[in-house]
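Taken from TrEMBL, the feature transmembrane segment covers A:75-94, A:115-140, A:156-175, A:290-310, A:316-344, A:365-387.
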Amino acid sequence: MTRLSRVLGSLLVIGLAGGEALARSSLGIGTAEVAAPVSDGIFSGLFTQIALWQREFFSALRHALVSLKRGDDGFLYLVGLSFAYGVFHAAGPGHGKAVISAYMLASRAELKRGVFLSFVSSLVQAVSALVLVGLGWFFLRGTAVSMTDATDWAELASYALVFAVGLWLLARACGKLVREPLVRSGVGRSLSPFRRMAGRDAAFSSQLAFASQADSDWRGGETAGKAAAPARVSSLSLNARPAQATSISAAEGFDRTAVCADDPDDCGCGRAHMPAPHTLSSPLTLKSGVAAVFAVGLRPCSGAIVILTFGLLNGLYLGGVLSVFAMALGTAITVSVLASLTVLGRGALERAGRFTPYASLLARVLEIAGALLLMLLGVGLLGGALAG
Amino acid sequence: MGVFAQGLALAGLATVGMGLATPAAAHPHVFIQSHVELVGDDTGRFVSIRNVWRMDELFSSSVVIDFDANATGVLEAEELDAIGETIRESIAEWGFYTFAELGVRDVKLKDPEKVHALFQDGQLILFFEMPVDEAIDLTTQSVKVSNFDESFFVAFDFTGGAEAFQLVGLPGTCRKALNVPDEDEAAARWMDEIATLGPDEAVGEEGGAFADVMATRLELTCAAES
């Protein structure tokens, strides 16, 4: 347990460190990406290099737009450059990748959905830039609200959503944790479930597994009536189990609290097998997925905004819009690679731990870690943006 | 599957999380072509720094959308004043992006009273003057002058090289020399500085700010050549 708590603790610290973002740029116009100029994390060298490349790309993009305005033929070059900028821009630090990756960790979404979410959130980001620039030009001019204000609000909404999605997933993961047989048995025996998780020797853990079945049976028996009570005593003997299991299964047929929600193989305890909650919760996952998409996408990329404003002012409508969508495509590719890495990493970790008695607890811990990471990101980003 | 391997795997995942959540160097989104005038008197006293900044085309167009209060599509005098004032208030926190160094310390500069703004050929131009707030005799001391943004939002280009810095009113004996750091070399140097920091030291406290290391500087002296 100390190991798990240490990892969780370090995740907390990381989440807080990740939140130093300011909405307003140092210039007072335009939205800055992150306020902390450079951090001394493990990846600072890599990020410094990426930042240098990004700068080169952004300058090249600017020159391509200006030459297009002059009437030079550079349309394809501009679109290609925008795509490359999208790929590299997303490779740098940013909230989109962090949100999608943490979401993938917390929601247990599959690989396909991760890639899909990455693409949709990048698309939403492009559309959000279009909407904000359109609003800024056609509706907000002459009002007290500027496009930069609107962008700041979109950013705040985006960060608030990050927190909300994290909270939602945390609640869900905690719900699942409480339903874990290992935890339930611990609670049933009036012992701390956390001491169970730390159970180091396998013998003790396998004893636990029997105990857990006995507990469930006992609970089922109680609701079913006195008939099951004698069976509870014999349930401690392995041989007596099948007979006892059938009788209780029949008796408790309608008792929902005794229904086993795990895989059929894990349900040898005589409780009826039901689909696991996470396979039933797809509308919930869909909802949180949509929220995650907006959490990423509402906050537009400042590069996309300036490119669109330049296109708008200089009549390069098609160039501006295509450039922004090419950029979104590039971003989507990088983000989906990171989302896939998260899913594969999670899978590898769970496979590695599958033979340990707390395999499903490990899965819950990863979910909770992801959800906490999201919440902390949300709090940090919100705090930074509000302070700025 | 040992407990050790599992812990290692979790640590690995946490490291990935750290990388994703760490705010590191954002790249600049605004580019300024800078022209700096170093103003002195004929005795070699350092009087003021004047900045003339030509903002890049993309940023300039976003400014039109933000500040075109009467929706004419053009920026008029009042709107330009509003831009200058917004920028003046904001960059005050960042030393007006203007730094003059006397050895290891910064020369005291007075805040500009006004940041003037112009809109010309689709580009916003800003200019302002910062008086030197202490007596500096350039015949005995040399100063290094630069424009940079520690927040890394704005990047300064001195495209004219040493010509981007102009000496005004100073005696003819004054000389200027441009220090342009090589980007890769500067990045390597910055990494070295970071590496020597203690665990509790913040980046930038000891003059290790990335923008600082990367900045182009003009060294100015009026001392007699030896």
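For all residues, glycine too, the Cβ spot is worked out from N, Cα and C.
Beyond the transmembrane segment (A:75-94), the same-chain residues lying 6 or more positions past its ends with a Cβ under 8 Å from any Cβ of the stretch are 33-34, 43, 47, 50-51, 53-54, 57-58, 60-61, 64-65, 68, 122, 301, 303, 307, 319, 322-324, 326-335. Between the transmembrane segment (A:115-140) and the transmembrane segment (A:365-387) there are fewer than 3 Cβ pairs closer than 8 Å, counting only residues 6 or more apart in sequence, so the two stretches are not in contact.
Cβ atoms under 8 Å from those of the transmembrane segment (A:156-175) belong to residues 23, 95, 99, 102-103, 106-107, 277, 281, 284, 288, 291-292, 294-299, 364, 367-368, 370-379, 381-382, 385-386 of the same chain, restricted to positions at least 6 beyond its ends.
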